[in-house]
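First comes the structure, then the notes that go with it.
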Amino acid sequence: MVLNSFSNLAFLTSVLVISLHLPHRALSSSHGGFLLEDKVARPPAAGMCAAAAATLHGYKCQEFQVTTDDGYILSVQRIPEGRTRVRRGHIRPPVLLQHGILVDGMTWMLNTPQQSLATVLADNGFDVWISNTRGTRFSRRHLTLDPTDPEYWNWTWDELVTHELPSIIGFVFKQTGHKIHYVGHSMGTLIALASLSNRKLHNVKSAALLSPVAYLTHMKTDLGIVAANVFVGEILTTMFGMAEFNPKGDAVAMFLNALCAGSGLNCYDMLTVLTGKNCCLNASTVHTTLKNEPQPTATKNLVHFAQTFRYGVLSKFDYGNANFEHYGESTPPVYNLSNIRRDFPLFLSYGGQDALSDVQDVATLLEILKPHKKDKLQVQYIKHYAHVDFVLGTTAKDIVYNQIIAFFRRHNK
Ligand SMILES: *[C@@H]1O[C@H](CO)[C@@H](O)[C@H](O)[C@H]1NC(C)=O
Ligand SMILES: *[C@@H]1O[C@H](CO)[C@@H](O)[C@H](O)[C@H]1NC(C)=O
Ligand SMILES: *[C@@H]1O[C@H](CO)[C@@H](O)[C@H](O)[C@H]1NC(C)=O
């Protein structure tokens, strides 16, 4: 699928393609398509904490609702403490985990508690908050709109930058009274970088960016490239309309199937095709993941990613002839990453096998960050890691998460 960058498109498509090869495809259960809210997307009444109970093994988990300033009602979870005791009087610094595209916050809790970032942080004395982007199964309500309304899906990551992220951060800050550490994966890194370039990331102390995505020009994902080139303007009006992109719906399955057939790609091993050769996934976790993910997003969001890939510049959504009407200029405004404050603590971790967050594109980002204060920028390169290893890798705790914890502690003033 699409497009680019995001995380777990991969999963998404692996489900789809596998399903397409089976006679009793799971997809048939959600026929009716795109605009109908399907079973998969509807939240269980008890929310994500209940859904995650099997992997949370007795960790405290709390559910919150956050209403964004553009009316979306999001589900946010909190794991306020770990299973290990910390000394009395210790303040637990809040950390917000922001997942990538086509997945939801559950991805941070799918491995064992000793391996998953959410529980590892809790056990290390952090107060862990997990967000779920609009449109994913636990975050499908809105003050006035319903997911069956096309307007509900009228957004891209621009709106996550201007409305969603500030609303969530404001909420966590208000609840805890402390500035926040941020962890983003894939699209979660993109919206943080864009917010930082606008100097709009208030009440955030530091950020750890895993599989950073800002430039996509060198993306190695063949299917992503094909899709990005297909996913141009007209698709908005013809094939999908302004609508939900539901990876578990028939329309998307047919689209991907046609794309794979038409391009001669071997789409059987989608996870690898889309995200690179992940070294360190647990087969049993991948199985659970396929049951939980992928999650819907807005078609318009995917079109925006396709633009990012094609243009090589990070800018707001390109409305073509209507740019003037939207922005008062003929081209969309650019997110200028040179404007990121040089003393903002940033931790970047990227992988040599990552097909979405390509090494060359990360190099472009690092070049822009060159003037950053040396003691405020920590960069980690993991040769054998691909896109999904950062979230679901069984070795990620030892290789990446311990570094993040040390980094947050160092920048906890
Ligand atoms: C979508 O949002 C844009 C601005 O963000 C607005 O100009 C446009 O009218 C909206 N379209 C629909 C169909 O709601
Ligand atoms: C793989 O996942 C299962 C189920 O969570 C777990 O019991 C097992 O210990 C994991 N294996 C590794 C190598 O992490
Ligand atoms: C981005 O900002 C830098 C420094 O503020 C400036 O020199 C550069 O021209 C800007 N680039 C764009 C494309 O606006």
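Cβ coordinates come from backbone N, Cα and C, glycine included.
Look at TrEMBL and you will find Ser186 tagged as active site, nucleophile. Residues annotated as active site, charge relay system in TrEMBL: Asp354, His387. According to TrEMBL, the feature domain 'Partial AB-hydrolase lipase' maps to 54-111. The annotation signal peptide is assigned in TrEMBL to 1-28.
Features per TrEMBL, on structure.
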residue: Ser186; record: active site, nucleophile; Cβ neighbours (10 Å): 31
residue: Asp354; record: active site, charge relay system; Cβ neighbours (10 Å): 30
residue: His387; record: active site, charge relay system; Cβ neighbours (10 Å): 33
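For the domain 'Partial AB-hydrolase lipase' (54-111), residue counts in helix, strand and coil come to 8 helix, 19 strand, 31 coil, using DSSP. Here the domain 'Partial AB-hydrolase lipase' (54-111) has a mean pLDDT of 91 out of 100. Between the CA atoms of Ser186 (active site, nucleophile) and Asp354 (active site, charge relay system) there is a gap of 11 Å, rounded to the nearest whole number.
Taking only the Cα positions, the spacing between Asp354 (active site, charge relay system) and His387 (active site, charge relay system) is 5 angstrom.
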